[in-house]
Amino acid sequence: MADGNDEHRLTDGVSVEAVKTFLADLTKEFPDTYTEMTTEDACKQLVVPRTRQDNCAYVDLLRKQSSHEHVNKATVFVSHAWRYKIADVLNVLLEFAEEQRASKEDGQPVFFWFDLFMNNQNANVTANLPQEWWSTTFKESIANIGRVLLVLMPWRDPVPLTRAWCLWEIFCGISNEGTEVTIRLPNSEEKALEEAIRGDFEAVTDTLVRVQAERAEAFNPRDKDMIFEAIQHGVGFAALNQAVKDQLRAWCLEKAVAAVEAMRAQGEDETEAFAGLCLNVGLVLKEYGEHDGAITCFKAALPIFLRTEGEKGENVAGLYHNLGIAYHSKGDYDRAIELYEKALTVFVETLGEKHPSTATSYLGLGNAYDSKGEHDRAIACFEKALGIQVETLGEKHPSIADSYLGLGIAYRSKGDFDKAIHFYEKALAIKVEALGKKHPSTATSCNNLGEACYSKGDYDRAIACYEKALAIQVETLGEKHPATAVTLVNIGRVHNQTGGNERACAYMQQALAIEVEALGEKHPSTANTCINLGFVYASKGEYDKAIRYYEKALAIRVETLGEKHPTTATSYFTLGLLHDERGNKERACACIQHALDVRTAILGPDHPSTRKAERELQRIRGGDSKTKQDWVLFAVCCPCILAAAPFFCMYHCAKQVCTK
């Protein structure tokens, strides 16, 4: 984008004093309007008139004044939208420079690469640059500068996220290892964001899901075409969208946690306002999978609300429920059940048994019991929730689909696939009526139904359900959406089960490519697909390939879920079985022992998964495959067996006489 030699590389930047001088000039020449002027206005009314005669960039004027004082190697690349008010943008630059000055021990000055100053505004210097320039020279230039400062406003609907230029600049910063991307708001926007975090957490999270690079615009249509071509030939729109969303998510969560710490530092951590902030920040963190941070916030809020509202307060019940969700997500099912039950007690006492909030608590309990393997208790909870919802919301309310879904999952876990199919069909019917046939949630219900049919062995119906889901997802979400990838995996599983190993691999490799591009290498969904690919290769007898995929999945799960999560334990267990198949007994025992330890601690010694791990470990070690629990059961039943033995013998003798 810069004018000059060296293939238009972005090398120089302008000093903080130059920025201050420009802002002072604006104030002096346009005293009544400068606060409302956009960057484009400043370009037309100040920069172009000053540079027209020499047909040069503003930075060239600064070079004439002082070649080193005002112009030097750029240290910060500024990404902004020209529709912003120029005074806001310049003040953000000055505030950032002051922060840098105060925090840096070496006192190195900041020099901004700011396109208003660096490009010749009398000519479109980017018009004739080839597409390759954007994916090589431009990206390398940002890497050499080392830092991108993204000026973001308004925070509720940030303009840069709708501009093709800005999205490409952000991505170039994110994708360069060692390049730091810093997001800044003007002071007025900072205050508005803090107020939103305190009162409207959904508005905060909404800003993180609006990035759609393929819908971005540029003032010059040729610029848009050129940038889109660079994206399509490079990382693709899905990866660009996800990278920008991840950056915004991290920044937003950082701001939310900082708001909590600011109140604590001011000694306001015993106030009801602090509790409300912690509740909202906890909800934001929970929404984005930051369960430990969410638990910390919820626990900080709980004693305050207990003091101000009492044991039966609405916020107290909500905190118990949300803590239950967070612990459930971490795999601590007993703690989750304890908290769901506390929430349920409050809801029943304050709102009554027949209230939607009470039903929500029963749903939470049902999910936790099902995860723990107590499927009958889960079913009882789901049935309670369903009864309440039908009575309070009506038979066709969308929320009722959640109860049917829970019942379907529990019956499928029990192995009663016909009942599971029955409830999945009911959930699907509600989704179709409430949302229509072509809705992502309808596709999810089709997938659930397909899972039950798959488990039953009805592969024709399973693949019909999956293909229906796939068609909806491709139309509504696109071919490269993570949900589409899940359905591709499901179709692959059916092909693997029916002998089509090669087709199974093709579907799953397609899914893996989508997930890596859209979610990244280290995401739980990516791990799930690696597991399924490992299973396919194991089915083909290619155990080395299978082990590689299982180890990749295990590494992701350890990093994202932790060593002591039931899902991580499952990866250790399966990997152990594969090592046993390859004859590596030592490695097999180590993996299964780890799975056993985690399952014993999290699920308890009597859980079917725990006992299965213990049996397999004993089998591999060459001992009896009976577990401690099996021997205890045998000891308890032994007297009865001995007492019954004579009668058993008499029965067989009589049977032989009769048959003769």
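Positions of Cβ are set from backbone N, Cα and C atoms, glycine also.
Record features (TrEMBL):
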type     : residues : note
REPEAT   : 317-350  : repeat 'TPR'
REPEAT   : 359-392  : repeat 'TPR'
REPEAT   : 401-434  : repeat 'TPR'
REPEAT   : 443-476  : repeat 'TPR'
REPEAT   : 527-560  : repeat 'TPR'
TRANSMEM : 631-654  : transmembrane segment
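The average pLDDT for the repeat 'TPR' (443-476) in the predicted structure is 94. For the repeat 'TPR' (527-560), the DSSP counts in helix, strand and coil order read 31 helix, 0 strand, 3 coil.
Counted with DSSP, the repeat 'TPR' (443-476) comes out as 32 helix, 0 strand, 2 coil.
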